[in-house]
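What follows is a set of notes on a single structure, which appears directly below.
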Amino acid sequence: MYPIILLSVLGVVTLFLGFSKSKNILLPAVLFFLVLAIASNFVEWNKGPLLYFYDMLRVDNLTLAFNGIVLLSAFMIVAISGGFQDNPDSEPAEYYGLMLFSLVGALMMIGFEHMIMLFIGVEILSVAMYILTGSNKRNLRSNEAALKYFLMGAFATGFMLFGMTLIYGATGSFKLSHIHGFASNIQAGTQPFLMYAGLLLLLIGMLFKVSAAPFHFWTPDVYEGAPTIFTTFMSTIVKTAGFAALFRLLNTSFSEIYGFWWIIIAVIAVLTLLVGNIGATSQNSFKRMLAYSGISHAGYMLIALTALTKPSQSAIVFYSLAYSLSTICAFGVLILVSKEKTFEGQPNERYEAFNGLAKQNPVLAFVLAVSMLSLAGIPLTAGFWGKFFIFTSAAERGIIWITVIAVLMSAVGIYYYFRVIISSYLKEGDLIKIRVAPFYQVILLLATFLTILFGLAPGVFEGLI
Amino acid sequence: MLTLLLILLPIAAGVLTLLSGERLAKQVALVSGLAVLGVAVATWLQFDPAAGTQFSFKYAWLASGGISFAAGIDGISLVLVLLTTFLTPLIILSAFNHDYRKPASFYSLILFMEAALIGVFTATDAFLFYLFFEAALIPVYFLAAIWGGENRLKVTFKFFIYTIFGSLLMLVGLVYLYYQTPGTHTSEITAFYQLQLPQQTQGFIFWAFFIAFAIKMPLFPFHTWQPDTYTESPTPATMLLSGIMLKMGVYGLIRFLLPIVPGGMEIWGTMAMVLSVIGIIYGSIIAIQQSDMKRLIAYSSFAHVGLMAAGVFSYSINGLQGALIQMLAHGINVIGLFFIIDIIYARTKTRYLDQLGGITQSTPHLSVYFMILLLGSVALPLTNGFVGEFLLLSSVFQYDGWLGAIAGLTIILGSVYMLRLFQKSMFGPRSKWVEGFQDLTMSERAVLLPLVIMVFWIGIYPNTFLKLTEPAVSQLLQMVNN
């Protein structure tokens with residue numbers, strides 16, 4: 001609860017910091033705010049479960065773990081944004097303010113106990129993201145992406161709200177525990193169709209946010225069009241918060257009617273895996289490929305939701321962490337590389353931009369390689385254990401067929417992730433040097449180090465949640 | 001502790017090689033390769049064949065999940081560890097002929113590969129096995145993709161995706177088995193042995209494992225990555241692939257497939273056997289047609305591994321013992337042959353049989369070494385190939401007379417392609433490509449001599465190694481038959 005209050009206040013403070021003459025104070029201040037938020041988050045560790053604001057917000061170790069992932073990702077993303085100093089048109093104070101506000105939304109989504117809280121969280125997060133997507137005002141692609149994201153997102157929110165209304169109509173409450181009570185007491189012979197319909201509509205809205213197929217069509221265009229730093233934000237924080245919310249919704253309220261929804265989620269998971277992985281193979285743009293890879297990772301996490309066994313919870317936490325770390329590294333390297341190279345007047349985001357990276361900057365090549373290996377799920381990286389925990393959760397439920405499909409799709413994944421490694425290590429490129437600010441490099445190496453650490457010792461967090 | 005040392009020492013040596021700079025890398029790598037061999041020999045001397053799995057260690061890794069970092073050595077593991085540690089220094093030494101770019105990275109990758117291979121052969125935890133099984137792929141992929149021939153990127157990419165696909169299937173099988181173990185679940189291989197699975201489930205698990213190992217070996221029809229990869233890779237990588245990595249597949253069959261899913265073997269064993277025998281004949285016939293010497297050996301290797309797999313699928317003591325001794329023999333012969341081809345290629349700049357001829361006239365040493373390794377490969381009595389091939393064929397024959405007869409053709413076909421190789425390259429009129437051909441240098445002899453000694457040692461007194469594996473193999477079979 002503390003980080004929500006802190007970030008709301010500090011977001012306003014950040015906006016006012018924009019008036020200050022000295023431009024250099026902003027970035028350290030925001031980083032400091034985030035450190036404060038992370039510290040305040042863990043004050044309540046092991047104190048839970050606690051309920052706040054008339055039982056609208058729930059704080060337990062699961063909430064805090066997801067909060068920690070989201071805040072850590074935010075810290076890294078803000079750190080590599082470098083104060084937006086290379087873009088004269090940018091408005092750093094507003095961007096940071098919006099990022100902090102959207103974090104408030106994400107934290108509300110993670111900790112909601114009342115559906116109104118979920119709705120408000122989704123809206124706060126999304127509205128801030130619509131603006132940030134379009135923040136590159138003079139770029140046509142950025143404007144197009146923002147409009148697309150906004151129109152489709154508004155629709156999805158509409159569905160979601162409609163779904164909540166129906167559920168309220170059926171159960172008489174917005175509270176997760178009441179809905180759970182209702183769902184576990186369905187009399188034989190009666191079918192609360194309103195609740196089922198409401199759940200479906202609510203799921204559509206949420207699945208849109210985490211870009212699961214067939215609600216994924218906005219993802220490639222929006223990810224590609226948005227400035228890369230905000231794409232990173234979208235693909236890590238929005239996704240983690242979305243899955244935390246989905247997990248809480250299904251696990252607390254609807255676990256008793258598992259038989260109704262599991263096959264729906266299973267089919268969507270398979271579809272998402274197919275669309276994400278097969279779509280990614282045919283991309284020429286690395287950034288677009290990462291958008292499709294984001295879709296495919298949503299598919300893996302949906303498998304854990306499908307299973308909804310005891311290991312699912314820690315599997316989703318671990319997977320979001322592994323995925324966020326690697327994604328930040330991948331986009332972080334992309335930002336640097338595309339800045340140095342251009343293609344048809346635009347920053348070059350194609351695979352060819354990475355040719356010869358190992359010679360141009362060995363550290364970046366290493367960071368990129370580890371992040372690709374982790375996303376591909378090669379052993380000794382965090383990504384492998386993420387996939388492993390997901391597969392074991394499905395195996396515990398006895399759904400082997402979905403694991404087989406997921407495994408086939410991760411073999412496909414290796415194809416497109418390795419294209420980047422091959423480009424950077426085995427192909428010849430221009431003889432230029434790519435410079436990296438030391439702080440930027442420290443953040444990337446930290447993320448890489450964590451990826452390898454969790455790959456070697458996945459049990460670090462064991463028993464914490 | 002010795003097991004842990006065997007896994008960690010090559011990793012440390014690899015790091016040391018990487019740090020020692022481009023000029024010293026070769027020597028550091030060779031010395032550390034020999035040091036690992038020393039540890040392996042020390043292990044061998046302390047080893048007691050009757051005592052089962054020894055030198056074990058176990059550290060909790062995911063304590064609540066029962067997954068541990070556990071390894072140990074029994075007879076089957078020991079033979080393969082000895083093979084790995086014996087061949088690695090020779091592979092390193094054989095690379096001295098070439099000036100590979102970035103030698104520090106090159107030699108350290110070979111040593112990392114050695115660590116992963118030893119890990120595969122000693123792991124007693126299924127997930128640790130899987131981890132090393134995958135990890136072994138990375139160094140050899142980079143060896144082939146950085147230092148390989150012209151088509152290397154395409155070919156190695158195919159190889160990589162092909163093999164990783166297979167191991168992912170195995171992962172599904174392992175995860176499933178893990179959840180069948182009683183209590184809080186464990187991933188120890190011995191716990192998997194105790195499982196009583198329904199017949200149909202065993203059929204599925206059989207395929208998950210079979211495809212993974214069949215791709216690695218490779219067996220017909222999963223072999224299409226192999227000839228290209230062997231041909232395009234630099235010779236040391238080819239040696240690692242054919243001499244040692246291929247044995248991971250056979251080892252997997254013996255360690256996992258047979259004891260865990262004997263029921264699956266009952267359903268699908270015959271089919272696997274037939275595929276293996278098809279591979280033997282198919283590989284041999286293609287080998288006869290080849291003009292590229294490296295490709296010829298690649299196909300001969302494909303044929304040989306088919307016979308080893310057939311021996312394993314016969315699940316008799318002869319078949320398993322034959323497969324084990326043949327793994328040793330094949331590793332030794334194939335590395336020797338690839339090295340000789342590399343020598344010829346380095347001097348003449350061609351690998352094509354129709355461009356070669358008449359090399360014997362100036363090279364008595366090379367001819368003798370070549371001939372001995374070649375005879376080992378065609379299984380002449382008193383050479384290493386004979387013992388294994390004899391045991392294997394007799395086991396296939398006992399399994400089914402017809403299959404045995406067909407598999408027996410390998411002896412004839414094998415001598416056809418091998419003698420054709422020797423005749424076309426070494427005898428005949430002297431071709432213009434072999435002008436000024438020098439005989440072996442000292443370092444080349446230093447590689448070939450130990451190999452030839454082993455050819456005779458295993459050929460004349462195979463009991464040294466058969467005795468090591470016999471208790472472990474008969475224990476395994478007893479378990480399967482129960």
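Indices start at 1 and increase along the chain as displayed.
Glycine is treated like the rest: Cβ placed from N, Cα and C.
Per TrEMBL, the features are as follows:
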TRANSMEM  B:24-45  transmembrane segment
DOMAIN    B:65-118  domain 'NADH:ubiquinone oxidoreductase chain 4 N-terminal'
TRANSMEM  B:79-97  transmembrane segment
TRANSMEM  B:104-121  transmembrane segment
DOMAIN    B:123-410  domain 'NADH:quinone oxidoreductase/Mrp antiporter transmembrane'
TRANSMEM  B:127-147  transmembrane segment
TRANSMEM  B:159-179  transmembrane segment
TRANSMEM  B:204-225  transmembrane segment
TRANSMEM  B:237-261  transmembrane segment
TRANSMEM  B:267-289  transmembrane segment
TRANSMEM  B:296-317  transmembrane segment
TRANSMEM  B:323-345  transmembrane segment
TRANSMEM  B:366-382  transmembrane segment
TRANSMEM  B:402-422  transmembrane segment
| query | Near the transmembrane segment (B:267-289), which same-chain residues lie under 8 Å Cβ to Cβ, leaving out any that are not at least 6 residues past its ends? | reply | 199, 202-203, 206-207, 210, 214, 219-221, 223, 296, 299-307, 309-310, 313-315, 396, 399-400, 403, 406-407, 409-410, 413-414, 416-417, 420
| remark: Across the domain 'NADH:ubiquinone oxidoreductase chain 4 N-terminal' (B:65-118), the model's average pLDDT, rounded to a whole number, is 89
| Other than its close neighbours in sequence, what residues sit by the transmembrane segment (B:402-422), given a CB gap under 8 Å and a spacing of at least six beyond its ends? | 273-274, 277, 280-281, 284-285, 287-288, 290, 293, 296, 299-300, 303, 307, 310, 353, 370-371, 374, 377-379, 389, 393-394, 396
| Taking contact to mean three or more C-beta pairs under 8 angstroms, with sequence separation of 6 or more, is the transmembrane segment (B:104-121) in contact with the transmembrane segment (B:237-261)? | yes
| Which one of these stretches, B:79-97, B:127-147, B:159-179, B:237-261, has the most C-beta pairs shorter than 8 Å to the transmembrane segment (B:296-317)? | B:237-261
| remark: Grouping DSSP H, G, I as helix and E, B as strand, the residues of the domain 'NADH:ubiquinone oxidoreductase chain 4 N-terminal' (B:65-118) number 40 helix, 7 strand, 7 coil
| message | Can you tell me which parts of the same chain pack against the transmembrane segment (B:79-97), counting only residues 6+ beyond its ends and a CB-CB cutoff under 8 A? | response | 6, 10, 26, 29-30, 33-34, 36-37, 39-41, 43-44, 73, 106-107, 110-111, 114, 117-118, 121-122, 235-236, 239-240, 243-244, 247, 251, 324, 327-328, 331-332, 335, 339, 342-343, 346, 443-444, 446-447, 450-451, 454, 465, 468-469
| Long-range neighbours of the transmembrane segment (B:127-147), counting only residues six or more past its ends (CB under 8 A) | 61, 67-71, 100-102, 105-106, 109-110, 112-113, 116-117, 119-120, 153, 155-157, 159-160, 163-164, 167, 170-171, 174, 178, 187, 189, 229, 232-234, 236-237, 240-241, 245, 248, 252, 255
